[in-house]
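Enquirer: I have a structure I would like to understand better, so I am pasting it below and will then ask my questions one at a time.
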Amino acid sequence: QAVTGALLLLAVLTPAGAASAAALPVVINTWAFRRAAETAWRVLESGGSELDAVESGCGQCEIDQCDGSVGYGGSPDESGETTLDAMIMDGNTMEVGAVADLRRVKNAIGVARKVIEYTKHTLLVGESASLFAVRMGFPYEDLTTQKSLSLYSEWLNQSCQPNFWKNVVPDSSKSCGPYKRREAVTYKEEQTSSQRSVHNHDTIGMVVIGVSGTVASGTSTNGAIHKLPGRVGDSPIAGAGSYADSTAGGAAATGDGDIMMRFLPSYQAVEYMRMGTDPTVACQKVISRIQKYAPKFFGAIICANTTGSYGAACNKIPGFTQFHFMVSSPLLNRPTEQVVDCI
Ligand SMILES: *[C@@H]1O[C@H](CO)[C@@H](O)[C@H](O)[C@H]1NC(C)=O
Ligand SMILES: *[C@@H]1O[C@H](CO)[C@@H](O)[C@H](O)[C@H]1NC(C)=O
């Protein structure tokens, strides 16, 4: 039974390389988040804008709690709280709206869109972002669920492992905090291998390109599980989590944001495409750049150019050798899951 299932699954997956015929509009998003892809596609079909499609598509994942890594009730931080990061970008005007460390509001990408529409700012954070959300009419809700509570208590029970501290006492690889910095300055070499894996992967990232070549992009996530309160990852940062430029293309990244955000991978991918680089190659070049510094990082990126060609790439590590993503275009009669081999 299981074997048959696996064979069927393989049969319906289209190899990404073989399917790069181009048509517009195109919607691509990270991971096999099918309902997000369907929602975004439906919004475009019913005459919504590219930004509307990105907002509704990523918003669908916030409702569905995609993989537990988007929306409420997932990835509790060190104090057990779920906080959200999201961004949305308009590739025509280059406006960005983003929120980070958002608390007690579920629809993070909705709030990010309001940052574009009702402020002259780009990024709002923390409690103040929540106050802004309430002013914009979003309800205050508890983001904690039975699931996030049990993830938190399991983590406490296993001596707070894993966590994101280093060079502290007591030894953070063995015990819980509160930690203090070590007096002696014998820093351990920084581990560049990712704590995160395909099992707790994160982030919906989406790129939508309309019939006229208008590009929009967005992301939404609840961040790294057991993060330090206040930690903000790549997702809400323009050029890191995603980037959209209607004169070149769009890209969105997923994976270990603490490492990836240092390289502005989405910005870099769009710049490669601006120079005429094929989207798949642009994605691969971005991954190889990061590989030089962090060979074992967990991460992937999706890329699309303004004529509707698209591609993806990921860094091959044990347990993560293929990356699944969703594509919708007139050439595919419905949102289709595609897969790419990591490099
Ligand atoms: C903590 O973990 C141990 C096993 O490591 C288990 O026996 C115990 O029931 C757990 N306690 C709680 C409160 O989950
Ligand atoms: C998009 O990529 C395809 C495939 O590499 C290429 O043929 C096309 O010219 C690109 N479009 C633009 C606007 O660069």
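Using the three backbone atoms N, Cα and C, a Cβ is placed for every residue, glycine included.
Per TrEMBL, the feature active site, nucleophile maps to T203. Marked as substrate binding site by TrEMBL: R231, V232, G233, D234, T254, G255, D256, G257. Residues or ranges marked as signal peptide by TrEMBL: 1-18.
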Enquirer: Using Cα coordinates, what distance in whole Å links T254 (substrate binding site) and T203 (active site, nucleophile)?
Expert: 6
Enquirer: Sort out the sequence-distant neighbours of T203 (active site, nucleophile) for me: same chain, 6+ apart, CB within less than 8 Å of its CB, listed by position.
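Expert: Result: T30, S69, V70, T219, S220, T221, S235, G241, A253, T254, G255, G257.
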Enquirer: Just how many other Cβ atoms lie inside 10 Å of the Cβ on D256 (substrate binding site)?
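Expert: Here the count is 26.
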Enquirer: In sequence order, what residues of the same chain, 6+ apart, have a Cβ less than 8 Å from the Cβ of V232 (substrate binding site)?
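Expert: Correct list: D85, A100, D101, V125, G223.
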